[in-house]
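Let me begin by presenting the structure, written as structure tokens, before commenting on it.
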């Protein structure tokens, strides 16, 4: 599947997604709650856009599937996150919630496989938060490719594209595209149950029911493979999960090898043993004096004997 591949045909199921977590991206957050709400395109194609200056929020489709779970994050929630979501690590532990694990990934996979394909995940600010965070959680389990057959879109980009051209003032305040602001702008009231995963998913569905057929056309043209999303963060560990040694473990033994005995194999250039012909501590060449002196003495003795034999001819 290419990095710019579009779905093989019209998206059949929109999977509205929201995650609550322990904090912002810089803190390497962990998921505390997730909700997926699956709606078939048939449920949206037959809808008419809400009418009037402040229409009431539409009722969700009668036929939909929903998966909502709280998750033990394994780290402390930031005070701000706990205040917004109403969840804390202690509360989740007290309720016996389990971690984001392989069983949960299988549950998500099973939920998706019950829906007609192609699937498209839809999340508000998904490109910057929900999708990268979900990819990070999958990667930590070694299951980074578990959802690679899904597609995804960020509903903020969709709403900006679908908004009427003259709806924003060039000189007025910058229009907010937070989920609460968009919902209030469309329906004249704040969304119920904000900052719960299920409440935000239902609010997002209501927003997408504003111009449902135009939304479906935009999704078909702009959905991207979930496999192209980069994880929000990557955590490397040294306790059996990373087969490659770190720089520290690779260099420290080599540094110690030159300072220890010959049993270590780090020193590949052992010093040669002293020659048996050399006296330890003597200058080179001094060991040759003894044999040279003996040779000179024998030569002198032979010469003297030869001289004596010449001096005694009568014998």
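Cβ coordinates come from backbone N, Cα and C, glycine included.
Sequence annotations record features per position, and here Swiss-Prot assigns Mg(2+) 2 binding site to 18 based on similarity to another entry. Within the same chain, residues at least six positions away from residue 18 (Mg(2+) 2 binding site) with a Cβ under 8 Å of its Cβ are 34, 35, 123, 124, 130, 197, 198, 200, 201, 204.
Look at residue 18 (Mg(2+) 2 binding site): DSSP puts it in a strand. Residues or ranges marked as Mg(2+) 1 binding site by Swiss-Prot on the basis of similarity to another entry: 18, 20, 200.
According to Swiss-Prot, the feature substrate binding site maps to 20, 21, 129, 200. Residue environment of residue 20 (Mg(2+) 1 binding site) contains 25 other Cβ atoms, counted within 10 Å of its Cβ in all protein chains.
On its own chain, residue 78 (phosphoserine) has 22, 23, 24, 27 as residues at least 6 apart in sequence with a Cβ closer than 8 Å to its own Cβ. Taken from Swiss-Prot, the feature phosphoserine applies to 78 (among others).
The phosphoserine annotation in Swiss-Prot covers 167 (among others) and is backed by similarity to another entry.
The active site, proton donor/acceptor feature in Swiss-Prot is assigned to 195; the stated evidence is similarity to another entry. When Cβ atoms from all protein chains are considered, those within 10 Å of residue 195 (active site, proton donor/acceptor) total 18, not counting its own.
If you look up Swiss-Prot, you'll see 236-315 marked as region 'Necessary for endoplasmic reticulum localization', on the strength of similarity to another entry. For the region 'Necessary for endoplasmic reticulum localization' (236-315), the mean pLDDT of the prediction comes to 44.
As annotated by Swiss-Prot, region 'Interaction with UBQLN1' applies to 243-315, with the evidence given as similarity to another entry.
What Swiss-Prot lists as region 'Disordered' is 256-282.
Residues annotated as compositional bias 'Pro residues' in Swiss-Prot: 271-282.
Residues annotated as region 'Necessary for cytoplasmic retention' in Swiss-Prot, with similarity to another entry given as evidence: 282-315.
Note: the Mg(2+) 1 site is recorded as 18, 20, 200; in the same chain, 19, 33, 34, 35, 195, 196, 197, 198, 199, 201 also have Cβ atoms within 8 Å of that site's Cβ centroid. Each of 18, 19, 31, 33, 85, 130, 133, 195, 197 belongs to the same chain as 20, 21, 129, 200, is absent from that list, and has a C-beta within 8 angstroms of the C-beta centroid marking the substrate site.
Considering only the binding-site residues 20, 21, 129, the residue whose Cα is spatially closest to the Cα of residue 195 (active site, proton donor/acceptor) is 20. Residue 129 (substrate binding site) falls outside any helix or strand according to DSSP and counts as coil.
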